[in-house]
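Q: Sequence annotations record features per position, and here TrEMBL assigns coiled coil to A:9-36, A:112-139. Summarising the annotation, TrEMBL assigns domain 'HPt' to A:1-101. If you look up TrEMBL, you'll see A:301-532 marked as domain 'Histidine kinase'. Positions annotated as domain 'CheW-like' by TrEMBL: A:534-665. Look at TrEMBL and you will find A:HIS44 tagged as phosphohistidine.
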Amino acid sequence: MDKFQKTFLQEAEELMDDLEQALLRLEDDFEDKQCISEIFRAMHSLKGGGSMFGFDTISSITHHLETIYDQIRNNELKANRNILDVTFEAVDHLKHSLMDQQLSEDYNRKKHQEVMLKIEALRSEVDNGQEELDSSESTLTMATYYVLVSPKESIFANGTNPLYLIDDLSALGKCLVLPSLTSLPVLKEVEPDKCYTQFEVLISTELPKEEIKDVFIFAEDQCDLQVEMICGGDLLDFEPLISALESKRLDEDILGYDAVKNIVQLHLNESSKSIKKSKKDIAKTESSIRVSSDKLDELMNLVSELVTTQAQISLIAEQKGIEELTELGENMEKITRRLRDNAFSICLVPIQVLVTRFQRLVRDLSNDLGKEVQFITSGTETELDKSIIENISDPILHIIRNSIDHGIETSEERVKKGKSPVGKLELSAFYSGTYVYVQLRDDGQGINPESVKKKAIQNGLIISGDQLTEKEALELVFMPGFSTAEEITDVSGRGVGMDVVKRKIEALKGDVTIASKINEGTSITIKLPLTLSIIDGMLVEIAETKYIIPLDFVDKCYEIYTSKLDGEDSQKYVFEGSMLPVLNTRACFGFQAFSGDITQVIKLTYEEFPVCITVDHIIGQYQAAMKPLGEHYESQDEFSGATILGDGSVALVLDVMRFVRQHLMVKELKLEH
Amino acid sequence: MSKTVLIVDDSESIRDLVEMTLENAGYTVIKSFDGEDATYKLNTSRPVDLIITDLNMPNLDGIDFIKNVRANEKYSTVPILLLTTESQAIKKEKAKEVGATGWIVKPFVREKLIAIVKKVIR
């Protein structure tokens, strides 16, 4: 394929992603001008490139859609759900047919015709509807007016109640009424048949100025009236402006038309500034270069080779006692460390790149199931290694599917339960230590631990006598062959369940937990390591073999007399006044007891409480380039990988979480039986 | 010395295509991805003999970019060609008004592009 065509294909994919994102935003707010012009631009670029590089499918479809969005952009047409649905379908089709431009697959060809017909239908509909729109346009433009009503003191005398006038006003459109009471005398001096109040009203309406004046037609000589148009559009939709006006009122008499206009101007400027700014921010993140992921993988590989070589140099320098070389080695270590951190950050991708896909799923699914779901995201700028990003999408999609299918109820059910009719699904991501947490929380019906247990007993996963805490019961959903849905819908399906989600996440050295409250919702938390390929570790020796303990887990080091150890897998020992579990690694790995007098103990941070492990010697800090262990060792749970040391020997990298969990559990089991 | 052409387009593939076409014809090409970037490049890089620009671009669109260029004393007379699918006459008129010299319609044939460029800068 032509090199330009290839570039264009990549570009097209990105443009379609942008397009999809903008469409999703437009769905929330049909009037979003910025969105509409983004959509138009993306289509325009697709069309231009498509025709330039011979992708006729793309150019023919975008050509017609572009016309429609151009009309929307020029206010000749209003965006609506139907247009969006067709556009989504068209974008899907374009994505599918990107690799099949000749439409050689039957399905694609049929789909193409179908989409073209739908767009055609949309266009003729638009053309018909347009005339109606044109003829009624003059009456349909929304504008915001300033009205000052100053009733004369004697207004009550002819039976007019100014409050009724205000009521009539608010029948015309949205109103913000600001009464002025400054001329009201103290109670003693009030004459009940006199009117002391003035009103300032902001009204947004589609009706012309004359209609507003007409409200006062019978009270004309009883009150002074000023009606001025502030500007087109509905200002009362604009929250900050309203609060600004209201707060301004508290310390002033009548504001007057000019003052109101000034405040409005100020706010409009500010908001357009902030829009411009956010636009800039987006543009900034976009101005990046494209690098193929193979090149990045290669870079990471080379960096890890360099780390290994640098370790060799340092080792030789130390062994031969060459001072200059030691110094060079240390310098090189500093540089490789920076290079490593830099190369890492290149490989990091924000979770945001996945969000469009999730939004799309939420949209399509909730439409299919007739549920209303609001999808909220936060912390999507959180970055993860691209290899993790690539693999985390499916599990999250599955969790979202579950939430919408089984968790969030239909609107009627929700209203019955006293909840808001629109369900909420929140995706939040954040850093904590060297982990990234991705949390999916819905406010659906939650999971009943009792029914989970019942199901687990039915499926033979536990026996009826088993005592489980609520948490343990919920965790059963991650067991293979478990499915809580009473009816199996084609959405979450059977087969693939939460056990696959768990397995996939664990394959990434991550962890997944679940929490749920009946009728309040479920939250699933995924914990992922920041990166996989090079780690800072502590090099230790156990039974003449070297191991790496990831430094992030190391809290403190202690020394104890070996004689204090009882030779069991695990025991308790008091360090600095607190009793801590100590895992004897030699016993855990099945080696003979250590013969040295003093054993080193490393205190590790492990979930809720610290745990100690014993090692023979601590050698020092070490940058470990992680290598996979290979197929033979996949079934073990104690090591996450291996690294090559400076002298060419291999050190195993301890998977602290699993090692501790496994050996503490062994101990607990032993105690129980 | 070879003549220098600045191509401004938000699409990388189009930029590359124009670059290769013109470089093969003996021109030096500077690439830019939007109006803002192009304005910056005009002020900082070597003198440019011709500007080819897209109309629909993020940040600073073609029309505003042309206005910027014309406001710059150094470039008040440099030829500017529009590279656009825009078939609407209004946009073209608008572009001419602010100072565009002519236009090339996408899709274009490479030979045609070279011919037009040659015509504009002798």
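Numbering starts at 1 and runs along the chain as it is shown here.
The backbone N, Cα and C atoms fix where each Cβ goes, glycine too.
Whatever TrEMBL says is automated annotation, not expert-curated.
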Q: Helix, strand or coil by DSSP: which one applies to A:HIS44 (phosphohistidine)?
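A: DSSP assigns A:HIS44 (phosphohistidine) to helix.
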Q: For the domain 'HPt' (A:1-101), give the DSSP counts of helix residues, strand residues and coil residues.
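A: Final tally across the stretch: 81 helix, 0 strand, 20 coil.
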Q: DSSP-wise, what's the residue breakdown of the domain 'CheW-like' (A:534-665) into helix, strand and coil?
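A: Once the DSSP states are binned, the domain 'CheW-like' (A:534-665) shows 24 helix, 68 strand, 40 coil.
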Q: Under 8 Å Cβ-Cβ from A:HIS44 (phosphohistidine), six or more apart in the same chain: what's there?
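A: Within the chain, A:HIS44 (phosphohistidine) has Cβ neighbours under 8 Å at A:THR62, A:GLU66.
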